[in-house]
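Residues or ranges marked as transmembrane segment in TrEMBL: A:6-27, A:64-85, A:132-158, A:179-200, A:254-277, A:284-302, A:381-401, A:422-441, A:488-517, A:538-561.
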Amino acid sequence: MYLQIVLLILLITAILAVAVIVGKYMAAVYKHERSPLDFLKQVEHFIFRVGGIDPQQEMTWKQYAVSLLVINGIWWILSFALLLLQGSLPLNPAGNPSMEWSLALNSSISFLTSTNLQHYSGESGATYLTQIAVFTFLQFVSAATSLAAGVAIVRGLARKASNSLGNFYSDLVLSVTRVLLPLCLLAGILLMFCGVPMNFNKPQSITTLQGDKVTVATGPVAAMLPIKEFGSNGGGFFGANDAHPFENPNVASFIIHVFMVLLLPAAFIFFLGYYINQKKFSRMIILIMCVGVVLLTIPIISQEIAGNPLQSKMGISVLSGNTEGKEVRFGSLLSSFYAGINVAIPAGTLVSMHDSYMPLSGISMLLGMQIDAFFGGVGTGWINMLVFVIIAIFMGSLMIGRTPEVFGKKITMRQIQLAMGIYIAQPLICLGLTGITIFAYNNLNAAGAAPAWFSNNSSHNFTTVLYEFTSSFAGNGSGFEGLADNNVFWNLTTAVAMMAGRFIPVLGALAIAGIMLRQRPTPYSAGTLQTDSASFGVMLFFVMVVLQVLSLFPALVLGPINEYLTQLS
Amino acid sequence: MTTRSNKLFEPALVQTALKESFIKLNPKVMMRNPVMFTVEVGTAIMLYMSIYSFLHTGQGSFSYNLIIFIVLLLTLLFANFAEAIAEARGKAQADSLRKTREETPANVLMPDGSIVSKSSNELRKGDYFVCEAGDTIPTDGEITEGLATIDESAITGESAPVIREAGGDKSSVTGGTKVLSDKIKVVVTTEPGESFLDKMIALVEGASRQKTPNEIALTILLASFTLIFIIVCVTLKPFADYANTPITIAALISLFVCLIPTTIGGLLSAIGIAGMDRALRANVITKSGKAVETAGDIDVLLLDKTGTITIGNRKATQFWPAPGVLPEDLVKAAVLSSLADETPEGKSIIELAQQSNMRIPMTAPEGAEFIKFTAETRSSGINTTDGLRIRKGAFDSIRNMSVAAGNKFSPDVEERVKAIASNGGTPLVVAQNEVVLGTIELQDIIKPGIAERFERLRKMGIKTVMVTGDNPLTAKFIAEKAGVDDFIAEAKPEDKMNYIKAEQQAGRLVAMMGDGTNDAPALAQADVGVAMNSGTQAAKEAGNMVDLDNDPTKLIEIVEIGKQLLITRGTLTTFSIANDVAKYFAIVPALFIASIPALQSINIMHLHSPESAILSAVIFNAIIIPMLIPLALKGVEYKPIGASALLRRNLLIYGLGGVIAPFIGIKLIDLLISLFF
């Protein structure tokens, strides 16, 4: 086991090393400086010409935001329509049916918002056409949207007394051609070597050694996997996601998956450091994020390795930890490590069943998704981090007798309003929707009409509901998977959470960038709060944790802590 | 100033403040402070619950509900008291200044030349009045004729009399001060009730107090936290029902009030008022709360050399005749050219001449024409009717004049000039009919302790700039000796302005102090402009602060007051939020322990009972406000130890301290309460 831990640490170090290079490369790409893939200019020019776009045209933050919304709206309408009609469209060798309207709505929003909450199972709920034209396509463009928004916000910090955030379409296209596609192509080929299928065959019938007949689904899996991880999306080709042997056949593919999940969120922070020339700051942020991920993951690992006390009471060996819901080829340690990484980064891909984790692991999972900035998603992680940075700088600057400024740009009333708006949206939506759900259940239950969309009455089930909404808002998309979630109630409520969790932070942060853009920075002096100092780093870390724990604590007590303590006694 | 007191709680003020605390319960007034307004709503609900529990069962005992109601009401009153006492102190301070100027008889000079006695209240802007030795000046004004020694101790507390005279930068007089000698004619510059002091009093009083930008931003931050805790508490109700642990309204409201940042919410306006009050105690009248706040942010400080860095003015210390010129001739010419020179340098030349045992006539010949100093000629002098042209001025301007007239400029004089300049002195060269007679040496004396103050400013991250009319060589010598970071030599009024603009263009905030009319544009341009009370009306109008002491080093104090104000806000916000950790551990187990006994293990403080736990938390939350009032009024001390060290220090004291303190406080209160329950 210690060997495994050492190897995991080496793996993370290697990922960070590659992230530095990718970050530097991205800075060149988005600054439109010379970079190795400049030969793709022809392709990009073609795309711009076809789309009738002038990539040189600079946009204000409002124009940038409107462009983002409009094109997202178009993608959504097309996806929604395709899902509603998929049963009668080509590339459907398995003969799967069209989606019910609320499921189609939920699924299209889910992939549009990079959440990839899947209330359907890919094997039976989607066709090869929708897997490619809806899900894989949306995974690319939603990740590119995240990157473009993140880049624009970094520009807001970098530019001085200006009005333009850059060109949204140019950032969007470059994100696909220069960052996402090359990485995905490389990783997809590697995954095929690991045994991930890439074909358009019908599901195959196989007679097993036992003699039963099973139907084995395949399809263009290797095309979807890389973008699902690189883009912090997380929507698997199959219902079982990364636990499925065709998505994640062995430890080699497991390592590639970890690499893909972590690379771009980490690279984005290095990119930020290069872009605004604050390398020390970006290293500090990376350190905070690493510490956060480690502190979230250690409790999960230790809980799962220790195994279930109820089992040991019954005299059952727990030497290999809590193995319920885990794949034997990965075991407790790798499964819980992967779970930790995937709640911190809202890819939310799973190699195991989160529902079966020990109660206290649930605390780490909920916190990780709620903070959503210990790396967080590609581009969006930085948006969430920026909100925490603004709040921490506001309080820290006052404590040293300065009016607050971030990289020399004054934090005015407007920025605080917007930052706090983004910050409030999270508990408002997650706690609010959980509250409404529980309130409705309480009343229906008291009236003797317990609804079908809610299974049993336990603290564990409470955690499941909270998890579902938190995961939807955070764009994580993983589920406790204990819910009967494909019905109108869950499809609509989670759709609301996903839309809010995607567009409130993105639009709010663009507005903040718009204000910062216009400002002329105050030069650094000995009286300025040093945002790259250890003191500020420690403060930022505590602000992130304390602010989130404060809004979540009562819910945690009634959910996981209650379950854990009751289990003990 | 006899009425000035440093005691925080004077009985008379406390009494007014107590009364005000109840008046301020008016919801319309409370609405200005969103955090405390929600507490008021909670208090109202608890009043209803007290009555409800008297008549019904199921929401806890009547006495328990009533006690919670009373504690919440006290929380409100404590917060109101904090604001009221800050207001009362500020008002008392301002009143004591205002008292000096009420109902003084004024000898008003009518347009026809007659003098009528009127009450000072009847004086209008533009009226003229005269004051003689022994009179109290009825209102603020500017001397138009004459010169007088004035006792300003009523305003500044400084007993040494000062000289105020017409024309020049020390022409302002303040109402309430006393004329000791001579007679002056003064024009009234303000309408009654519109003086700076009146404006300041209005700022302190609730009615016209505007929240500063930073205060608004902080209020938004605090209101957002409040909103989050509303969400937390409202959703907790169904959550608890679902877990079969119904919670009482009293418990829910207690949790809410404890979680929202009432500590900073209750003290916020008191901190702001106390900041202006501290400025007033330092004898600085601020025209807006924002100015005090901005002062804490200053990056660049423009200081006049004279009076700030050096003591008083340059003084003539020596006459150096040119080779072959008689000392008497030089001194005589120097005196003649200085007779009409109102500058302190000019006067000091005459003083030095009087001290020499030469007998020099001290009156100007009949019909002589005085040439005033201008920035262009950089010399002044006299032309007499018998054809004598005497000029004294900067070395190069006199040399140019002399060389232009075809005269040779003595290398000895040139050497002397260099020697004086390199010693930090200022050479004035005297010429008669374009022939150089010699040099007058003027010397500066740097104030003791000023170098240490600049060092302190440097640690705060503030760049100091010395402004002087001296030549660059002299300026550099003094700048180095005093330890300023930069200097503007041979400064013309527009140089100051340009320097400020350039710094502002680069994003820096600039503060300056000035008194003269030609300082007015720069005072207006600067982010913090402090006008001296002795300065001209134009200067006072242009700046955003007025220093009653006319003390040029006051800027340093103002910067520290500004920083203190922000630090107090920041540290108390951090403290307030850090407190929530302990409050959660007190209240949350208490809420659910009855139906989920396993939660006993998170009752880490081992509080006596659910009721005592909730009560202790609410009581702690209430009494922390009055306990922190002294800190809010005095301000958290600013230490110039570098940004990171200061952050570390305040994080440890108020962040970590804010986490630990309530654990101890709540446990102690619980021990006490458990004696009764």
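Numbering starts at 1 and runs along the chain as displayed.
Even glycines carry a Cβ here, placed using N, Cα and C.
Counting Cβ pairs closer than 8 Å and at least 6 residues apart in sequence, the transmembrane segment (A:284-302) and the transmembrane segment (A:132-158) reach fewer than three and form no contact.
Contact between the transmembrane segment (A:538-561) and the transmembrane segment (A:422-441) holds: at least three of their C-beta pairs are under 8 Å, each pair 6 or more apart in sequence. In summary, the transmembrane segment (A:64-85) lies against the transmembrane segment (A:132-158): three or more C-beta pairs, each 6 or more positions apart in sequence, are under 8 Å. Using a cut-off of 8 Å between Cβ atoms, the transmembrane segment (A:488-517) and the transmembrane segment (A:132-158) share at least three residue pairs, counting only pairs 6 or more apart in sequence. Within the chain, the transmembrane segment (A:422-441) has long-range Cβ neighbours (under 8 A, six or more residues past its boundaries) at 370, 383-384, 387, 391, 450-451, 454, 462, 465-466, 469-470, 473, 493, 496-497, 500-501, 504-505, 508-509, 547, 551-552, 555. Counting only same-chain residues 6+ beyond the ends of the transmembrane segment (A:254-277), those with a CB under 8 A from a CB of the stretch are 11-12, 14-16, 18-20, 22-24, 26-27, 30-31, 147, 150, 154-155, 157-158, 179, 183, 187, 190-191, 194, 226, 229-232, 242, 248, 283, 285-286, 289, 330, 334, 338, 341-342, 345, 347, 349, 351, 375-379, 381-382, 407.
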